[in-house]
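One structure is given here, and the rest of the page talks about it.
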Amino acid sequence: MLTLENVSKTYKGGKKAVNNVNLKIAKGEFICFIGPSGCGKTTTMKMINRLIEPSAGKIFIDGENIMDQDPVELRRKIGYVIQQIGLFPHMTIQQNISLVPKLLKWPEQQRKERARELLKLVDMGPEYVDRYPHELSGGQQQRIGVLRALAAEPPLILMDEPFGALDPITRDSLQEEFKKLQKTLHKTIVFVTHDMDEAIKLADRIVILKAGEIVQVGTPDDILRNPADEFVEEFIGKERLIQSSSPDVERVDQIMNTQPVTITADKTLSEAIQLMRQERVDSLLVVNDERVLQGYVDVEIIDQCRKKANLVSEVLHEDIYTVLGGTLLRDTVRKILKRGVKYVPVVDEDRRLIGIVTRASLVDIVYDSLWGEEKQLAALS
């Protein structure tokens, strides 16, 4: 699908931003470029759509050299998403999404249908089509930025740190949505990030760059288990290598508790406290009759609100980290250890609760990792 052959970029004065990059990307593959500031990751990506012209080498998309194409026409065939989103404030959401199809002279009705179809993919209804960007939250605006890149059905999408400016919960939610979207649409994606956790979570393969050169290319598991050198090991961070000592435990389903303590939103706060006391827990997951996760309540929330509220529905918090069933365990480890989360609910694609991973669930894995390391050191000494 996409091939880079001996691609380099040299600026005036002889500074080499990218040096002799060679890479083949298959159709439908999700590739993350990552590395320290100034490593050439964004420059490499921008050479693909000729926002930056290569100084040397060749880039082929579906066997066609990009230098043989008109740069404007080339860019219209490639989706592009940036951190700043770049929505036009004077255009409606539908007009923003339909920008490239309009340039490609799609009929108006087809553009409208495409906008509604895409909004549905990210659970945004037709009521959004006539709104303006300032009426949307930051997360919703970034969703529209992604949909705009998908609107003309390009086979290739370039994404330059698209979620970098969002708060952690919104960022996490968008990553989950985008991962699900990619499974449905099978686009070829080149994604630039400075966040190793994001790369590990999203990518089929990760390309690590340093000083304009590729240091290592591999799947997240390959790189976690076999870092190419000390630079890669330090860049990954040892806290991300916890799972490598427990290769038999890979997915949340293997360690989650399938019977988390739950309550429905119509119950009283007194009933919630009684249930917590009975089950010896300090928080409850709130679900509806179909076990769709609504949010959570805990002792602290109830204590703060008990004088002015009576029902769980009045005090439940909806912002909660979740992972899909089948998610790689490393993503959940990251949420619990790095973000200080006490637990992570596991849901299906319809957000029905199927389990929970707690800090206690991870004790054996962390213990095996640390104990295995100590035994290795003892054997070497």
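Glycine too: its Cβ is placed from the backbone N, Cα and C atoms.
The annotation ATP binding site is assigned in Swiss-Prot to G35, P36, S37, G38, C39, G40, K41, T42 on the grounds of sequence analysis. Neighbours of S37 (ATP binding site), defined as other CB atoms within 10 A of its CB across all chains, total 7. Under DSSP, S37 (ATP binding site) is assigned to coil, being neither helix nor strand in the three-state scheme.
The feature domain 'ABC transporter' is assigned by Swiss-Prot to 2-236, with sequence analysis given as support.
Looking only at the domain 'CBS 1' (256-314), the predicted model's pLDDT averages out at 91. The annotation domain 'CBS 1' is assigned in Swiss-Prot to 256-314.
As annotated by Swiss-Prot, domain 'CBS 2' applies to 316-374, with the evidence given as sequence analysis.
Here the domain 'CBS 1' (256-314) is broken down by DSSP into helix, strand and coil counts: 21 helix, 18 strand, 20 coil. The ATP site is defined by G35, P36, S37, G38, C39, G40, K41, T42, and by the 8 Å test on Cβ atoms against their centroid, the other residues of the chain that qualify are T43, H194, L209, K210.
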